[in-house]
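**Q** Per TrEMBL, the feature transmembrane segment maps to 12-29, 35-58, 70-93, 99-124, 136-155, 161-182, 194-214, 220-242, 249-269, 281-302.
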Amino acid sequence: MKIMQTMKKLPGGVLLAPAIIGILLNTFFPDALKIGGFTTALFKSSTTAFLALFMLCAGSQIDIKKAKIALAKGAVLTITKILIGACIGLLIGKLFGNSGIFGLSLLAIIPAMTNSNSSLFAVLSSENGDDTDVGAVSVIALNNGPLFTMLILGASGFASIPLMSFVAVLIPVIVGFILGNLDPDWRELLSHGHMLIPFLGFSIGASLNLQTILNAGVPGIILGIATLVFTGLGGYFIYGIFHGKRAVGAAIGTTAGIASATPMALAAIDKTFAPFASTATVQVSASVIITALLCPMLVSYLSKRNQKFQANSAVKITSSETAETILKVQNIEATNKEFEVGTIKNIKN
């Protein structure tokens, strides 16, 4: 059976398909995973451990020896993504509080808008960009997970997060970074961190139920579209500073599947977010699906638009050069004619 291939046909399916199974199991058989032992540890209480290991794996893929331009592109897009998501989220928080607007809390808005799908970025950049664009993914992958969401909410005062909690989130990334740069074999081993995603997805789903999903509704769709428009177009315009294929910049207009774990992780640290955690998790998951479906379309449209613009510019330049050449030839012919007329007059005289 081609189970994995079937899962991959659904946007974010590697995480979402197991999550759906977990949701159904927790809805109709809520005590099935509470028998204790390895079963509960693996399928019910493993979200934090899997997320920490995933971040360690992501940190190991940052290669300090890579070309500067690739790292610069990754840094610019990552900063752009985080700043846009943070500004929108904090502005809404300032005006409406933690509960947010349109049923979207800060616990949904900031994780969805600041976490980009690095796997989808790698695919889209390879199709629409060059090697330096693909190389940028090693930096972009850093915004996957709760780290930047914690920094944003903690620094802004919307969440009470102890300093040691920041350190605790950062340590797995640092350990992975050190291992990956000291030993290529460790980087190779940890490059398979994506294998954790299905198990993380199931664990997330096992903490939700269908009623929570029904409550998410339209706000989750709104969140996905807003993430695509604001962060995707923001990345597109800022990427123009590299004078390359700027459509690649729009590929950050996504929400990472791993972002679905962020609301629960933050609610575990700051209990004031607990009432919003379940609904926020589902809304972020909706954003994962919406952006995964629409972002490739946006990048493709912008890429074709840029190619058409460049082609028209090339035609205009060619036409201009042709007209200039014709004018020069006409001037030369006119000069020669004047010279011939003058010569004939001199001979007659």
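Start at 1 and count along the chain as shown; that gives each residue its number.
Placed from the backbone N, Cα and C atoms, the Cβ positions cover glycine too.
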**Q** Below 8 Å between Cβ atoms, which of the listed ranges 12-29, 70-93, 194-214, 220-242, 249-269 makes the most pairs with the transmembrane segment (136-155)?
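**A** Out of the listed stretches, 70-93 contacts the transmembrane segment (136-155) most.
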**Q** Among the recorded stretches 12-29, 161-182, 220-242, which has the greatest number of Cβ pairs closer than 8 Å to the transmembrane segment (281-302)?
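**A** Ranking 12-29, 161-182, 220-242 by Cβ pairs under 8 Å to the transmembrane segment (281-302) puts 220-242 first.
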**Q** For the transmembrane segment (35-58), name the stretch out of 70-93, 99-124, 194-214, 220-242, 249-269 with the most CB-CB pairs under 8 Å.
**A** 194-214
**Q** What residues in the same chain, six or more past the boundaries of the transmembrane segment (249-269), come closer than 8 Å to it by Cβ-Cβ distance?
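**A** Here the qualifying positions are 12, 14-16, 19, 47-48, 50-51, 54, 77-78, 80-81, 107-108, 111-113, 115-118, 120-121, 124-125, 128, 140, 143-146, 149-150, 153, 159, 161-162, 165, 197, 200-201, 204, 207, 224, 227-233, 235-240, 276-278, 280-281, 284-285, 287-288, 291-292, 295, 298-299, 302.
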**Q** Mind pulling out the one from 12-29, 70-93, 194-214 with the most Cβ pairs under 8 angstroms to the transmembrane segment (220-242)?
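**A** Looking only at 12-29, 70-93, 194-214, the most contacts with the transmembrane segment (220-242) come from 70-93.
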**Q** Using a threshold of three or more Cβ pairs below 8 Å, and leaving out pairs closer than 6 in sequence, do the transmembrane segment (194-214) and the transmembrane segment (12-29) count as in contact?
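**A** In contact, yes.
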